[in-house]
Amino acid sequence: MDLAEQSVQNSSFNASSSQEKLVDFRRFDIQTLDILFGSLYAFIVCVGVVGNCLVLAVVKRTSSMHSTTNYLLVNLAVADIITLLWNPRTYSFAFYSSHPRGTLGDYLCKLFTGNGIIGVAIGASVLTLSTIAVERYHALVKPLTAGKLKIQFENVRYVIAGIWSIALLINLPDFVANRFDAKYGRCICPYSLESITDFRAHVLCTVFFLGGFPLLILGFCYFQIIKGIFFEKTIMGQAQGQEDDKSKRKLAKLLLSVTMAFYTCYLPYGIFMSFLTLSKRKTLIENQNSYTILLKTVEFLVTFSSFLNPVLYAFQSSNYRNGFVKICRFKRSVLPAKENSVTFNIRDFNEKQNKIFRMAEPRLSLKIPNLSEEC
């Protein structure tokens, strides 16, 4: 009987001790996977920043590309540069042993080693892509009603300012919550495994407003654009000619590929964040290792999308591709827009004049007498 009671006590003690081990998360420690991801981040940061800076330079130096859509793509490039440079996962292993604590550590987490700035940049990217989709939808599918909703070139700066303001407001709770936790040895934010269940409402709302809702808008707009260009031919019927049709197709393909690339990289992160938010804390603690690996993988995909955009521009847009080549060769860009338009008008005038002369030539030959024969 005593042995039975002792065995029961031992089993209960072992159960209680195992529960105590599951009370909290383990302290953060640098692993081989962190160094591997750090190396990958360093590569895409270097190449991605250079590529996005080339996008800015091409649009700035090419007067014919000073349009609303290209300026919004410039805003997307700026957001990508911020995402790449302020990515804390690139430097986390370097700051692990020397990260300041206390108030200084908290402010460093809010502004650099946490997710505050990068969250604003990703929010600006989503809102920019949504704005481009809506603007293209009204310009191509609803041209008669696009006047009221079309973004005028002189007003695009205010639209961009509004995009960044909304992105900042949505991510404002992140700046408040970001802090350095000495217990876990790293910065803790609402999207960390250690605290995600405490910010369930904020995380789910952010995923919806920066993930689900924009995806519905983008899906509707590009579905209508693709249907009008490739199937119903309604957009092509409104075009001025073959060149206009071709340019519309290219622009639609470019914008669609950029949007698909972004959401292909972003959706796994949003879905995984929703899964973690709806999970129990005990489940997160028990599966900390596997969930940490998955979290680092989907976080890498989000940053990888900022690296992809210049590559897509180079492969799908001849304007950007030619601009990249000219900058790399240290050549001046194309002539200003006014000079181009003058040259284009003179060429058209000459072609029309030659056409008139060709049409009138047979008639003139009938009316002019053969002077040689008369002599």
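If you go along the chain as it appears here, the first residue is 1 and each next one adds 1.
Note that Cβ sites are derived from N, Cα and C of the backbone, with glycine treated the same way.
Caution: TrEMBL annotation is automatic and unverified by curators.
Among the features that TrEMBL reports, transmembrane segment is placed at 35-59, 71-91, 111-134, 155-172, 201-223, 254-273, 293-315. Taken from TrEMBL, the feature domain 'G-protein coupled receptors family 1 profile' applies to 51-313.
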Candidates 35-59, 111-134, 155-172, 201-223; stretch with most C-beta pairs under 8 Å toward the transmembrane segment (293-315): 35-59
Most Cβ pairs under 8 Å with the transmembrane segment (201-223), selected from 35-59, 111-134, 155-172: 111-134
Long-range environment of the transmembrane segment (111-134) - Cβ separation under 8 angstroms, sequence gap at least 6: 69, 72-73, 75-76, 79-80, 82-83, 86-88, 91-92, 95, 99, 149, 151, 159-160, 163-164, 166-168, 170-171, 174-175, 178, 187, 189, 191, 210-211, 214, 217-218, 221-222, 255, 258-259, 262, 266, 302, 306
Intrachain neighbours beyond the transmembrane segment (35-59), with Cβ under 8 angstroms and 6 or more residues off its ends: 65-66, 70-71, 73-74, 77-78, 80-81, 84-85, 87, 89-94, 296, 300, 303-304, 306-307, 309-311, 313-314, 319-320, 323-324, 327, 333
Average pLDDT across the domain 'G-protein coupled receptors family 1 profile' (51-313), rounded to a whole number: 86
